[in-house]
Structures are given as C-alpha cells and as structure tokens.
Amino acid sequence: MPNWGGGAKCGACDKTVYHAEEIQCNGRSFHKTCFHCMACRKALDSTTVAAHESEIYCKVCYGRKYGPKGIGFGQGAGCLSTDTGEHLGLQFQQSPKPARAATTSNPSKFSAKFGESEKCPRCGKSVYAAEKVMGGGKPWHKTCFPCAICGKSLESTNVTDKDGELYCKVCYAKNFGPTGIGFGGLTHQVEKKE
C-alpha cells in the first residue's frame, strides 16, 4: 500500500513519523516521544544519544553494554556506581554486607536539629546553610572548595575526594589513578631489550 503524504516509519514504534515530530539518528527516524534509551527508558537528545546498529541508548547504558569491561574501565577517576547492569542483561554477584554497628544516636543530626552547625574539614570553622557545599559526604565553605593540588574551583560534577581532601578529576587521575602503558600516566621510558 502506498504511503500517501506520510513520512518514514519510527525506529521504535514502527508508526509513521511526520516531519514536525521527527528526530533523525543514524539514518533512522523517530517520534520525539519515542526517542528513549532502549535500556533505561531515559529521554534522549542529540547530545546524549549513542547508537548501536538499529538500537539507541543513553551514553551510560551504551558504555555498560558495549564498552570495555574490567578493572580500569570506568566512567572516570573516582566514579563509583551501585548500578548492577541487570536491565542490560549483565550478571552481578554481590558480596555479603558487613553487620552494621548498633548505634542509636547521630551527633551530626543532633547538632543540625539544635542549631549547632557542622565544621568545614579544610578550615575547621562552622558551615552555615547559605555557604554550604557538599563534597565527599561532608559540608564545606564555597571558598574552601577548590582542588587541593591545582586550586581549580570545584563543583559537584567534577569533585573527587581521597583521605578527606578534595581534588578535580584531572588531578585525582594523575596522582591516584591507574598508571602504566595505556593509562596516560607512564612516568618513565621503557627500554627495549634486544
């Protein structure tokens, strides 16, 4: 049957896509409402989409499903995730959780409830709500929140912590990340033996 006045077929729902509602990706057309990650169903756009053959994914799910696997292949230095990848068909074995200590009081909750503020780890002074920035699970002053090595201003998206200090991702990777061939951290020349 001819397709009179219609558009291409949607790569997700296989219904006709008209020009006003069309998003093109990898040579295929999609409705704006059908342009979602095939694994986590997150809405996509041109900056967040990653295509694999006829499938579309967000960059995170694409990396988990088709990216390199193993130690040293993560989302960057200091990034941890609790996602097991089950929605991608990946298997995960979790080690048993250690027993929790039986404590009944939390001094930081007590302090916050009765007006005493928490202390900044860098300067030791009180941190009030108007100047509070969270990093490494602790409150910091905005002025006490630069990278400990390069002094670059940090945000929640580029901060990593180690031993109570804050670092930008670049300094963290250079100083605490994996080293050797393939990691960009080769510190000495390898001699060729004949």
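Cβ atoms are placed via backbone N, Cα and C, with glycine included.
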Stretch carrying region 'Interaction with CLF2' according to Swiss-Prot (options 82-93, 94-105, 106-117, 178-189): 94-105
From the candidates Ser29, Ser46, Ser153, the one which Swiss-Prot records as phosphoserine: Ser153
Per Swiss-Prot, the range holding region 'Interaction with TCAP', considering 1-5, 11-15, 61-65, 71-75: 1-5
Tally of residues which DSSP labels helix, strand or coil - the motif 'Nuclear localization signal' (64-69): 3 helix, 0 strand, 3 coil
Chain-internal residues, separated by at least six, CB under 8 A from Ser153 (phosphoserine): Phe145, Pro146
